[in-house]
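Asks: Take a look at the following structure, please.
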Amino acid sequence: QPWPEAPAPSGSLAPSPPRQTWARKHEFLLSCLGYCVGLGNVWRFPYLCYRNGGGVFLIPYFLTLLLAGLPLLLMELSLGQYGAAGPITVWKCCPILQGVGVGMLVVSSLVSLYYNVVIAWAFYYLASSFQSPLPWSCDAPSNAELCQEEEDDGDGGDDGDDGILQNASGTATHASASEAFWKEQVLGVTHSSSLGDPGPVQWHLALCLLAAWILVFLCMLGGIRSAGKLVYVTATFPYLVLLILLIRGATLPGSLNGVRFYLSSDWSKLLSAQVWSDAASQTFYSLGIGFGGLLSMASYNKFDNNVVRDTLVIAAGNCCTSFFAGFAIFSVLGHMALRKGVPVGSVADSGPGLAFVAYPEALSLLHGSPFWSILFFLMLLTLGVDTLFGNIEGITTAILDEFPALREWRRKTLLLGVLCASLYLLGLLLITQGGIFWFTLIDTYSTGFGLLIIVLCMCVGIAFCYGTKRFCQDITDMICRCPPWCSRVLGYFKVCWVFFTPCLLLFTLSYTFLEMYAVPLRYGTYKFPAWGTSLGVCMGVLSCLQVPLWATVALCHETGTLSDRFQKATQPLCSWRTAARAEDVIEVPFTITLPISD
């Protein structure tokens, strides 16, 4: 039987405003697609695909999706929808795992801190795109010297770089006009910049970051009702831009070379553990599992929403977008490689290097380059904002569910304002002259081993503490009329939750630890100091440390022997069922709820 909670105190507190729900099913699906389809689908998946054997990479990618991605996605969506609660409150189903929800909040906060910096960069590039010629193109007068050096060195160079810049270590490196604009005009990196000496704030980026947070604040002000309307634009616009860029790229000379390079198959890569680890990591991160955003958005669904169908739609949309984006990216990069007379591999990059150096340079070679640049950075802006919506929604939902009185509009506005202002002030460190090093540090460790441990604890906790039989019954209760195919699908997921998914998570976690030990963290030629790496490890430990910490708290709240306490702390609270199945309870004054006996 569920372990009872202490009754709510009788008193004079006014009832809290009710939780919102999605106005339409499509708004939930679009919000989840917008959240999952982020910058990683555009700047990480195509790079991983060509680096790990081209088309062969799709084999481990889809296998990890089937064995871990889909089961974890269904688990998080079902948990949120059945419990109708955020990342912390939802663990009334198993109080000993409340630390999983707190850890999700820590990860979401760290990700939100640096993710909006990417949106600030996109804002700056978008504003710069209204100039003709583009300031990072060879047609700009300020880049004449760099481009002249490219012509002088072009016959002997095979790296496609042009010009001379001083990097963070003080050594001379060749750089293109696009890279010079990125490092000098945008980041302001100097030879003295480092992790310990970040230098002054770049005020043009500070204004862009402020604009990005104001945009997020205004969009989130009305909760899911306002964000649900915005996703009709922000979630669909990137697909339109990718289609336009693909059509334009297909008409360019050299585009087939780029696509051929993107899909070239190297079957020997399947024997590499790196390939399987990259496939698993990309699956987890691109689906947004373990951040609490999906769980929070699903908590606003109606109880009888078909969560299995939604899981399949979201996963299919996310994977197809990643694969489709590769054609749009590499068709244009193939044209740039042909124009510069270098191999496609020398212009391909990942992360900010692709989005803010390689691809803008490729767009600057096209006729009407400002138009294509505006489209591209508008797409990056909408991709980033959609993902950040989900992260901020996960944080605010967790707080509002724990403190329902804050749902009142003025209090919620104040909470959202304080949250956005705090993250803005903390984010100023990331837009100093050495801010890119802090960005790299947080990006590497905030979503590293700590996130994997949180997801592993969630999977094992639901499978073995809450129980797969009870969890599958919860899903069946939500679907109401479960067709035969759905029952078979749930049987498959049950096997994955108990065996395949935990094993794959353990493999990825082990490889992550090995890679951390074997490969020191770098940005370009700058090697991070030992204290910086230790600080990054502390970020990962901070998130996963919440699991044993709050498990200890849950055990201390119970009575009896350690075995008794553990058994009680793994049983659902009464309010777990009453919150999930409101039609099964009678509400009486002073907010006390009594379950009806069977």
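Glycine residues also receive a Cβ, built from the backbone N, Cα and C atoms like all the rest.
Annotations in TrEMBL come from automatic prediction, not curation.
If you look up TrEMBL, you'll see Gly34, Val37, Asn41, Ser286, Asn318, Leu383, Asp386 marked as Na(+) binding site. Among the features that TrEMBL reports, disulfide bond is placed at Cys138-Cys147. Positions annotated as transmembrane segment by TrEMBL: 28-46, 58-79, 100-127, 203-224, 236-263, 283-300, 312-333, 371-392, 413-439, 445-468, 489-514, 534-556.
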Asks: If we skip the immediate neighbours and take only residues 6+ beyond the ends of the transmembrane segment (100-127), which ones have a Cβ under 8 Å from one of its Cβ atoms?
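Replies: That would be 39, 86-91, 186, 204-205, 208-209, 211-213, 216, 290-293, 295, 352, 356, 360, 373-374, 377-378, 380-381, 384-385, 387-388, 391-392, 394-395, 398, 423-424, 426-427, 430-431, 435, 439, 442-443, 446-447, 450-451, 454, 457-458, 461, 539, 542-547, 550.
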Asks: Can you find at least 3 Cβ pairs under 8 Å between the transmembrane segment (203-224) and the transmembrane segment (371-392), where each pair is 6 or more residues apart in sequence?
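Replies: Since 3 or more Cβ pairs under 8 Å link them, the transmembrane segment (203-224) and the transmembrane segment (371-392) do come into contact.
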Asks: Any chance the transmembrane segment (58-79) and the transmembrane segment (283-300) are in contact, meaning at least three CB pairs closer than 8 A with a sequence separation of 6+?
Replies: yes
Asks: Ranking the recorded positions Val37, Cys138, Cys147, Leu383 by other Cβ atoms within 10 Å, which is at the bottom?
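Replies: Each of the recorded positions Val37, Cys138, Cys147, Leu383 was scored; lowest Cβ tally within 10 Å is Cys147.
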Asks: Are the transmembrane segment (283-300) and the transmembrane segment (28-46) close, by which I mean at least 3 Cβ pairs under 8 Å that are 6+ residues apart in sequence?
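Replies: Taking Cβ pairs at least 6 residues apart, the transmembrane segment (28-46) and the transmembrane segment (283-300) are in contact, with 3 or more under 8 Å.
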Asks: Who are the chain neighbours of the transmembrane segment (312-333) in space, where the CB to CB distance is under 8 Å and they lie at least 6 residues beyond its ends?
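Replies: Same-chain contacts beyond the ends: 29, 32-33, 36-37, 41-42, 45-46, 49-50, 58, 61-62, 65, 69-70, 73, 238-239, 242-243, 245-246, 248-250, 252, 255, 258-259, 261-262, 282, 286-287, 344, 347-348, 354, 358-359, 362-363, 366.
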Asks: Should anything in the same chain at least six residues away from the transmembrane segment (28-46) have a Cβ under 8 Å from its Cβ atoms, list it; otherwise answer none.
Replies: 22, 77, 118, 224, 227-228, 231-232, 234-236, 238, 262, 282, 285-288, 293-294, 297-298, 300-301, 305, 310, 313-314, 317-318, 321-323, 325-326, 329-330, 350-352, 354-355, 379-380, 382-384, 386-387, 389-390
Asks: State the non-local partners of the transmembrane segment (371-392) in its own chain: residues 6+ outside its ends, Cβ under 8 Å from one of its Cβ atoms.
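Replies: The answer is 31-32, 34-35, 37-39, 41-42, 108, 111-112, 115-116, 118-119, 122-123, 125-126, 129-130, 134, 215-216, 219-220, 227, 230-231, 233-235, 237-238, 241-242, 244-245, 248, 288, 291-294, 296-297, 355, 359-360, 363-364, 416, 419-420.
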Asks: In angstrom units, rounded to an integer, how far apart are the Cα atoms of Ser286 (Na(+) binding site) and Cys138 (disulfide bond)?
Replies: 35
Asks: List, in sequence order, the residues of the same chain other than Gly34, Val37, Asn41, Ser286, Asn318, Leu383, Asp386 whose Cβ lies within 8 Å of the centroid of the Cβ atoms of the recorded Na(+) site.
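Replies: Output for this site, in sequence order: Leu33, Tyr35, Cys36, Gly38, Leu39, Gly40, Pro238, Thr321, Thr387.
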